[in-house]
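Worksheet: one structure, shown below.
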Amino acid sequence: MASLADRVRGNGRIAAGLLFNLLVSICIVFLNKWIYVHHGFPNMSLTLVHFVVTWLGLYVCQKLDIFAPKSLPLSKLLLLALSFCGFVVFTNLSLQNNTIGTYQLAKAMTTPVIIAIQTFWYQKRFSIRIQLTLIPITVGVILNSYYDVKFHSLGMVFAALGVVVTSLYQVWVGAKQHELQVNSMQLLYYQAPMSSAMLLVAVPCFEPVFAEGGIFGPWSVSALLMVLLSGVIAFMVNLSIYWIIGNTSPVTYNMFGHFKFCITLCGGYILFKDPLSVNQGLGILCTLFGILAYTHFKLSEQEGSKSKLVQRP
């Protein structure tokens, strides 16, 4: 009975962790969009707030022994920290200049771009069925963008840059974790302050600082509270993702990601009254089908590889 009770408690913790991640992941998208639409807070400055809050949050976590920091050479993290800045800034600019539907679907192009990078730069090979799943993903994104009545050419440029830099960042994170033998939180513990310092230098070049519309400009109390809350939630997203990966299977994490994808799309159309045409709906379904197929085939191949390793004498 004791083991059953422990199992129930364990499942309850996992369910609570997944629900918490669902809430904060969706909340950060809608909250950032609200800040851009209703307060006009500058993009890079908001990203800087996120990085600083994440850095402070990780400092508190390591003091509470949630993870153990590892000494790392800063010179090996410069490019990673720079790409971290680029991926967050460009994805936020995409969110600022596109509908939530287009922003969310554009992010799905990260998978094809990562596969292209790993194929041409790292000579990694992917099965035919994995490659074929990229067709519905890409077609769906193009369909949605083409029929988006709020199509914004600059927004699509930011979305494309965001996809490329995000893909590079994800590939490099995996490589650095393997090279330096660290987990994601240990890596982020160094990335966050380095990226904060980079943005601290860059912000005055692109955005006002003390004038109206700048990070230290005359903002209402509600706007400042929203920005601070956005930073705290961004940190919670990172922390909850780390916890989910450590306490569930890859299948759970991936399938839960698809659920968040659908909820975020629906919420964007409901909260911000974004119009949705039939062709856009088809594009969304097409992309979702491709993502589900990719996940199914990828996890099947991983399970097959594990089985072969176990059976090998």
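Please read every residue number as a count from 1 along the shown chain.
In case you wondered, yes, glycine gets a Cβ from its N, Cα and C as well.
Per TrEMBL, transmembrane segment is recorded for 12-35 (among others). Outside the transmembrane segment (12-35) by six or more residues, the chain places 41, 46, 92, 95-96, 100, 103-104, 223, 226-227, 229-230, 233-234, 236-237, 240-241, 243-244, 247-248, 252, 256, 259-260, 263-264, 267-268, 271-272 with a CB less than 8 A from a CB of the stretch.
The domain 'Sugar phosphate transporter' annotation in TrEMBL covers 22-294.
The transmembrane segment annotation in TrEMBL covers 41-61 (among others).
For 73-95 (among others), the entry in TrEMBL reads transmembrane segment. Same-chain residues lying 6+ beyond the ends of the transmembrane segment (73-95) with a Cβ under 8 Å from its Cβ atoms: 29, 32-33, 36, 43-44, 46-47, 50-51, 103, 106-107, 155, 158-159, 161-162, 165-166, 168-169, 172-173, 176, 179-180, 187, 190-191, 194-195, 198-199, 202.
The annotation transmembrane segment is assigned in TrEMBL to 101-121 (among others).
Look at TrEMBL and you will find 128-147 (among others) tagged as transmembrane segment. Sequence-distant contacts of the transmembrane segment (128-147), counting only residues of its own chain at least 6 positions beyond either end whose CB sits under 8 Å from a CB of the stretch, comprise 101-102, 105-106, 108-109, 111-112, 115, 156, 277, 279-280, 282-291, 293-294, 297-298, 301.
With a threshold of 8 Å between CB atoms, the same-chain residues lying at least 6 positions outside the transmembrane segment (153-175) that come near it are 79-80, 83-84, 86-87, 90-91, 93-94, 96-98, 102-103, 106-107, 109-110, 113-114, 117-118, 122, 145, 184, 187. If you look up TrEMBL, you'll see 153-175 (among others) marked as transmembrane segment.
Sequence-distant contacts of the transmembrane segment (187-211) (same chain, six or more residues past either end, CB-CB distance under 8 Å): 42-45, 47-48, 51-52, 54-55, 58-59, 62, 67, 69, 72, 74, 77-78, 80-82, 84-85, 88-89, 173, 176-177, 180, 217, 238. Annotated transmembrane segment per TrEMBL: 187-211 (among others), in sequence order.
The transmembrane segment annotation in TrEMBL covers 223-245 (among others).
What TrEMBL records for 252-272 (among others) is transmembrane segment.
Within the chain, the transmembrane segment (101-121) has long-range Cβ neighbours (under 8 A, six or more residues past its boundaries) at 29, 91, 94-95, 130-131, 134, 137-138, 140-141, 144-145, 148, 150-151, 155-156, 159-160, 162-164, 166-168, 170-171, 261, 264-265, 268-269, 274, 276, 280, 283-284, 287, 290-291, 294. Per-residue confidence over the domain 'Sugar phosphate transporter' (22-294) averages 85 (mean pLDDT, predicted model).
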